[in-house]
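Chemist: As annotated in TrEMBL:
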type: COMPBIAS; residues: 507-516; note: compositional bias 'Basic and acidic residues'
type: DOMAIN; residues: 5-137; note: domain 'Anoctamin alpha-beta plait'
type: DOMAIN; residues: 169-677; note: domain 'Anoctamin transmembrane'
type: REGION; residues: 482-516; note: region 'Disordered'
type: TRANSMEM; residues: 177-203; note: transmembrane segment
type: TRANSMEM; residues: 209-227; note: transmembrane segment
type: TRANSMEM; residues: 269-292; note: transmembrane segment
type: TRANSMEM; residues: 304-321; note: transmembrane segment
type: TRANSMEM; residues: 648-670; note: transmembrane segment
Amino acid sequence: MAPLVDLVLVFRSSSGKVLSRPQARENARQAERQYTELLDALTKGGLRGVGKRGENDGQLLVLVSCPQDTLVRLAHRERHSDFVCGLPTANPTATLDLDVSPLSPADRLRLVHTYVTSTISDGGLGIAPGSADWDRVESIMMLHDYAFNDEWIRSWTRRELGFVTFDKIRHQFGEAIALYFAFLSYYTKYLIAISLVGGYFYFFGEPYNAVYSCILLLWSIAFVESWRIRQRILSVRWGTRGSFRVEKRRPQYVPLAWWKKDLRMIANLPVLMLFAAVLAALLTSMFVFEAFVTELYTGPGHRFVSFAPTIIVSVVLPRFLKIYHGSAVSLTNWENHAHQSTYDTSLTLKTFSLAALADYVGLALSAFVYVPFGEEVMAVVQNFIERDASRHISVASAFYSRFSPVKSVATAQAAAGAAKYTVGMWEQDVVSARKKLSPTRLQDQMFASTVTNQVVNAFMEVGLPYVLRGLDSLRRGRGLGLSGHGAPPASGKKKRVSFEDQPEGSEPEKPADGREERVFMEEVWRQVDLPDYELFQDYSEMVTQFGYVALWSTIWPLAPVMALTNNWFELRSDAFKIAHHVRRPIPARTDTIGPWLDSLSFLAWLAALTNSALVYLFRPSDHCKPLATTLERKHLHTAQGGADARQLLFTALLVALAASHGYIIARVIVRHVLERLLWRGSVEEREAEHVETVVKEEYLRSLGVADVASGKAARREATPDDVADDVAESESFWLYDEGLDELLRGTKEQ
């Protein structure tokens, strides 16, 4: 039977670098000292810890288990903390019996992980990766429960359509993961309505339909505001509302004055703006190169030149974003956030803002530059190429005149040949160049963004890990190694790691428990090699998709249909990824999706601007000139070009600003209506109003301070003497009535 392991601490005994003998001895002493301190800290904290060899060189795995009495103490302490901070909880003075009401796996792991990683001042052990005192602790992870994972994966049936019971996910992985799947399921349900509307307008309506844009905007507002209420309802059901109030401080936090923190955040803005400017310049240059230069080039290999911008962007952009992400992490660390939630919020906003810019700037340039000013930009590019070619011809002519032994006629012939060859590589006819402008560029880009990119992302999440795992297994001599969890390698020579009781170079017969330990440790090694799971990537993918639907589906109304189809598979692929391709997520309590809700609200507001501008600029026209280009016949206002196009673009900007004010009014109305429909009078609202009162009533009743329910104040037990005195005093008080005497006196006075 496998041992019960709550946490696995990955400890690095060596850096992996080549060291001199004195350096190696010093490194070994430091590793031994910190390892001993680690085990002592775990033992003194009431935990059980044992070290095992890792699969990689210089790696130790410290397996940690929490005894029952320590777990009860941690659960009691959390109840007290929740009560003091106003979270819904049971009576903190009641006895906790884990045999009668055991903790869920997620709660157990969260309690132990929080206890180990919290600072000493917060009542924890202070063992956290990245802290100065534990620089050799690389990571802290938890082991998968594959019995649950297999049952979870098998439960995805067509009948369920991915809308599973989230309580099971919450009990296994915690509220943060359950809230993500609740969000993904809720968003997928909301896509059904707009998909039907989009399909209707795609087949039966006109392009850039104003009615569809209005419906789309109302749908965006309704989704954001209804999810705001939905997450509130879930937080009340799960008892996590206000969980940020009990959040522990980060081990890396150093107390600073508030103004120093604010100055650091302000100082980061120029760096972020610089990265944004560089990214915008890179994408704009690639856009001009791909949309105009490659269309004008007719020289050798012109069929392959059009792929150059895509190749350049696919190589340069990921590297640029990786550099930016590293810088964003460093800047966020420098901001010195006290809590992990604020740290994640700051890093998320930094990272997603640039990622969204990279995703949407191509469509924005096509919509507001390529279509309105495509002919002008094409003419500018043609003139630039002609001037550049003329300059090269002049240089070539001067070279031939100076160094060629044949004068005049030969020089002129050489220059003419160079001019003919150079000019011949580029399209010179203005009319032909205009015809190369694609009237379906926006639709093609939307198809690539909502279909092609999502297929690639699905392969990156599900298929690529198998490929990488197979390559790594081949590198280690194990064969392909594509089998599932816990399975032995199919073929190949396996690297053997000796245990303490097994001499190197020997393979003695071991008892059954030794073989079970080896099988168990092999599974631990396999999970240690997996990457950490991050919610950022999954949330980012869904919020980006929402942006494509809300901002740009006026261009291609089938975008919601593609998003709905993708999300049907996304629900399953995300579950499969968590179960097989990443480490077990660390459970965390949360009551909101955090900065992603703000991102959704911003995208909904931006959708009001883009949809109004797109409809105003690109309504189809049946009254164009007979000799108009294909691009002109597709759009009403942009057919006139020149100064008129610039004026219309300015008017479109005013229309967009007016639409933003309309968005504010519509959001207020929609929020008011949804609050009445979904929240007011609901079971969750009544529970949220009464839960705090009920908890305090139970607590006061347990202390004997007051009987709040009946409204009677509690009193101490009276002694016999107190009772006799009270009876005598009360009897004398009730025996004498003054009412009749007062009435008789009043009669006599009259």
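Note that Cβ sites are derived from N, Cα and C of the backbone, with glycine treated the same way.
Bear in mind that TrEMBL entries carry predicted annotations, made automatically and left uncurated.
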Chemist: Any chance you could find the range in 177-203, 209-227, 269-292 with the most Cβ pairs under 8 Å to the transmembrane segment (304-321)?
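Modeler: Per the Cβ count, the answer is 269-292.
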Chemist: So which residues does the transmembrane segment (209-227) touch in its own chain, when a touch means Cβ under 8 Å and the partner is 6 or more beyond its ends?
Modeler: 183, 186-187, 190, 193-194, 197-198, 201, 546, 549-550, 553-554, 557, 597, 600-601, 603-604, 607-608, 611-612, 614-615, 619, 663, 666-667, 670-671, 674, 678
Chemist: If you run through the domain 'Anoctamin alpha-beta plait' (5-137) with DSSP, how many residues end up as helix, strand and coil?
Modeler: 60 helix, 20 strand, 53 coil
